[in-house]
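Trainee: Got a structure here, written out as structure tokens. Questions coming.
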Amino acid sequence: MYKPRITLPFLPVGPYRKDSAIRGLLDLPPSPNMAPTHSLLPTAGRPLPSAKMEARAAPSLERPRYVLVLLLLLHSTDSFYVPGVAPINFHHNDPVEIKAVKLTSSRTQLPYEYYSLPFCQPTKITYKAENLGEVLRGDRIVNTPFQVSMNMEKKCEVLCNLPNKPVTLTVEQSKLIAERIREDYYVHLIADNLPVATRLEFYSNREEEEKKKEKDVQFEHGYRLGFMDGNKFYLHNHLSFILYYHREDVEESQEPTYRVVRFEVIPQSIKLEDLKADEKSMCTLPEATGSAPQEIDPSKENQLLFTYSVHWEESDIKWASRWDTYLTMSDVQIHWFSIINSVVVVFFLSGILSMIIIRTLRKDIANYNKEDDIEDTMEESGWKLVHGDVFRPPQYPMILSSLLGSGIQLFCMILIVIFVAMLGMLSPSSRGALMTTACFLFMFMGVFGGFFAGRLYRTLKGHRWKKGAFCTATLYPGVVFGICFVLNCFIWGKHSSGAVPFPTMVALLCMWFGISLPLVYLGYYFGFRKQPYDNPVRTNQIPRQIPEQRWYMNKFVGILMAGILPFGAMFIELFFIFSAIWENQFYYLFGFLFLVFIILVVSCSQISIVMVYFQLCAEDYRWWWRTFLVSGGSAFYVLIYAIFYFVNKLDIVEFIPSLLYFGYTALMVLSFWLLTGTIGFYAAYMFVRKIYAAVKID
């Protein structure tokens, strides 16, 4: 039984070219007109329905000047190498180990171990010691019986069993393979930490005369386990590995060294009778026109041979640039214009809102501070009239400060992760690095969350700081852990590798109560001892009566209104994030993501200030909770978009995958609500303190 060993990695890094951080790289699904490079597998390319591509089809336009300005700004963010990931030099005939990672499907969202299917096994199965992120992702990296040597060709070789004794699949094994093929599972292998990819060639939208000249090449992550033709199932039992190497410059007296720079595969389905094998486990592949695929009949036993071939090619790609092939995009222009459009629209609207607020406030403050017109001032209705109640502590101050403390934790964690990833230190070559770094950063950021929560709790006249610290350390993490535990029970029931093993769960609990909880208490203690926030006006003993509010001042209407602008800032990026999470694609758009995060912070702050200003002008001083709720209104639109994405983009039909999707989506929406609500709350709090400090209060 597999027992994962969690290793705490050094700062995870990954090599890639200098311009990777500014280009925003992503491995997207292929276009509808993709065609595989081999003719034996007509379904090797995974075509998308035309509806999925309509939104991404755009005419070629010249980029405006501000695009070039942003390109130059982002280009100044250079990637660099940090010790921890070093290239491996191979000599001629040195073994290149092929390892298996997992089986994945975008239809089920349930990863499985490689040997959950009856593949050929080596004499001794050895699992790689994995970091926390790999375990949470469902990676189970294990050795395979493939024998590959540097720069040594293999035309065809039987993988396991003797040629005169093919592999016999039982009825249960045949049913399992047929089910995995029906569920569209992909197999993921790695060689020298490079994932295997299936080459797909297709014509882009060019003129007819240009189509004959050039094809576009894109790569699909992993290879398809098999394919269906009608009601019949066919298994890819022959793998043609194509490995590219780069010859390193050495002195003449030294033996030449090589580095692996690309790992491709052409999966084929070849019937047992068509594979001519000799006693030395060597085989001969049939001609493409006369071969038949290997059918898997789930109602009976099946006999087949697992075979493979190896072909080496020299490449000019250097080791530092080898991941660029996997991360290329076919629609960079569409992504650029979408991001730039969000930047321009959000900053334009934010500028207009800022001018309106500033001009209105200047007029209000000038009128309020007229000493010779005190009577008119008293007759004015506006935000000054609630100065004696605006800083009155709200209901449930402990819960509010606890949620805001968790929001500060999330904000610090996300900011650092995105910034470090933008610098190139969390590349896909460091498997699980992003998730591992995020988990540990959230734990260590507890000291900042506790500090801000403790200081705010004291400002709100709270006294039970120990209970407040415990609430801050357990409220949000407890909800996350509870939902994940329930979902994990369902994944356990499916025997999926995505289920977090019990030792890992114990380790996470130890991290929570051994690292995060003490740090939150430490920060809360110092925050509670620190001088509370200085409010510019005193609070009256008797609360002021709140007049009847108009319909548009309802908090639910405010949530809908305030959430549009921040959601519009991140709408396009949300599509790429969802594609990376739910469709097993690479995500490396951290340069764009950092820019979108800054826009999100600005838009949340602006809209929160506007909403709290309107509320105070309506003489409603209960702004503490409302500002927090309204500022997180964009989380509602994220939830609506997640439902739309589930219905229109994914092919999930079973109960447990649907439960996993909406369970994890609920955690994303909750985290996003805390993040945006915290940003808006502190922006509104600073705004309220600023405006009441600027007027003369008798």
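The backbone N, Cα and C atoms fix where each Cβ goes, glycine too.
Curation plays no part in TrEMBL annotations; they are all automatic predictions.
Below are the features listed in TrEMBL for this protein:
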| type | residues | note |
| --- | --- | --- |
| TRANSMEM | 336-358 | transmembrane segment |
| TRANSMEM | 402-426 | transmembrane segment |
| TRANSMEM | 432-457 | transmembrane segment |
| TRANSMEM | 469-493 | transmembrane segment |
| TRANSMEM | 505-528 | transmembrane segment |
| TRANSMEM | 556-582 | transmembrane segment |
| TRANSMEM | 588-616 | transmembrane segment |
| TRANSMEM | 628-647 | transmembrane segment |
| TRANSMEM | 659-688 | transmembrane segment |
Trainee: Are there three or more C-beta pairs under 8 angstroms joining the transmembrane segment (659-688) and the transmembrane segment (588-616), sequence spacing 6 or more?
Mentor: yes
Trainee: Sequence gap of 6 or more, Cβ distance under 8 Å, 3 or more pairs: do the transmembrane segment (659-688) and the transmembrane segment (432-457) meet that?
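Mentor: With fewer than 3 qualifying Cβ pairs, these stretches do not touch.
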Trainee: I need to check the long-range neighbours of the transmembrane segment (432-457): which residues 6 or more away from its ends have a CB within less than 8 Å of a CB in the stretch?
Mentor: 9, 12-14, 130-137, 139, 397-398, 400-402, 404-410, 412-413, 416-417, 420-421, 426, 465, 468-469, 472-473, 508, 511-512, 515-517, 519-530, 532-533
